[in-house]
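Take a look at the structure below.
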Amino acid sequence: MSDEEVEHVEEEYEEEEEAQEEAPPPPAEVHEVHEEVHEVHEPEEVQEEEKPRPKLTAPKIPEGEKVDFDDIQKKRQNKDLMELQALIDSHFEARKKEEEELVALKERIEKRRAERAEQQRIRAEKERERQNRLAEEKARREEEEAKRRAEDDLKKKKALSSMGANYSSYLAKADQKRGKKQTAREMKKKVLAERRKPLNIDHLSEDKLRDKAKELWDALYQLEIDKFEYGEKLKRQKYDIINLRSRIDQAQKHSKKAGTTPKGKVGGRWK
């Protein structure tokens with residue numbers, strides 16, 4: 001056999017030995033091992049059961065000293081009373097402090113109220129003085145204006161009296177103008193009085209009042225319509241006047257450039 005074959009045989013032999021060592025033992029051997037372990041643990045259980053238990057005994061009170069339960073209870077009651085008294089004292093102190101704070105707050109409120117009333121009084125007095133001053137200034141201005149008007153009227157009268165006969169015609173024209181204004185004002189009042197009829201509704205029933213209200217509403221609605229129509233008509237007329245004026249201005253500009261005199265208003269008359 002060569003050296004390589006010898007080495008191969010030795011390796012196979014070694015592998016078989018390793019496999020035998022790693023294989024588990026037979027069942028009989030395993031059972032014996034468990035029995036040995038069980039036998040080893042049994043003495044420990046016996047020892048635990050045989051351990052003696054300690055005996056419990058009541059504490060002994062020294063024979064030389066006696067315990068006074070009444071004294072202990074009295075001390076406890078005194079301690080509770082002291083704590084209760086301390087709580088009562090702290091409560092009354094807090095109550096007293098709150099009352100003092102409340103009194104101080106009321107005093108501050110009253111003081112602030114008095115200060116506010118004084119400020120309002122001073123403000124009202126200043127406002128009254130200001131109103132009086134304004135009234136005095138207004139009266140003074142009115143007096144000065146009346147005096148100035150009187151002086152102007154006197155100057156006008158003197159100037160007119162110096163004109164002689166023309167003064168009477170001037171007064172007549174002035175009276176005529178005043179008469180026209182007065183007549184127009186009276187006519188306006190008359191027309192308004194005719195249109196504004198008295199409203200007698202005290203004797204009307206509910207249905208008639210409803211009809212009257214509807215009638216007034218219709219009249220008011222018609223007046224609003226007329227007002228709107230007149231306003232639109234006035235706008236159109238103003239627009240037409242503006243257009244006419246612009247056309248006249250344009251015509252005058254062209255005529256000036258051409259050197260001709262257009263037909264227009266001269267001396268208050270149209271040519």
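Each residue, glycine too, has its Cβ placed from N, Cα and C.
Feature annotation from Swiss-Prot assigns compositional bias 'Acidic residues' to 1-21.
The feature region 'Disordered' is assigned by Swiss-Prot to 1-74 (among others).
Residues or ranges marked as phosphoserine by Swiss-Prot: S2 (among others).
Swiss-Prot lists S2 with the feature N-acetylserine, giving similarity to another entry as the kind of evidence.
Under the heading compositional bias 'Basic and acidic residues', Swiss-Prot lists 29-53 (among others).
Residues annotated as compositional bias 'Basic and acidic residues' in Swiss-Prot: 62-74 (among others).
Residues annotated as phosphoserine in Swiss-Prot: S90 (among others). When Cβ atoms from all protein chains are considered, those within 10 Å of S90 (phosphoserine) total 10, not counting its own.
The region 'Disordered' annotation in Swiss-Prot covers 113-192 (among others).
Residues annotated as compositional bias 'Basic and acidic residues' in Swiss-Prot: 113-155 (among others).
Annotated phosphoserine per Swiss-Prot: S161 (among others), in sequence order.
Here Swiss-Prot flags S168 (among others) as phosphoserine.
What Swiss-Prot lists as phosphoserine is S169 (among others), and the listing cites similarity to another entry.
Annotated compositional bias 'Basic and acidic residues' per Swiss-Prot: 183-192 (among others), in sequence order.
If you look up Swiss-Prot, you'll see S205 (among others) marked as phosphoserine, on the strength of similarity to another entry. DSSP gives S205 (phosphoserine) a coil state; it is part of no helix or strand.
Around the Cβ of Y221 (phosphotyrosine), the same chain contributes no residue under 8 angstroms that is 6 or more positions distant in sequence. According to Swiss-Prot, the phosphotyrosine annotation covers Y221, on the basis of similarity to another entry.
Per Swiss-Prot, region 'Disordered' is recorded for 249-271 (among others).
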Inset, instruction - Compute the C-alpha separation of S90 (phosphoserine) from S205 (phosphoserine), stating it in Å without decimals. - result: 80
Inset, instruction - Taking the Cβ of S205 (phosphoserine) as the reference point, list residues of the same chain whose Cβ is under 8 angstroms away and which are at least six residues distant in sequence. - result: none
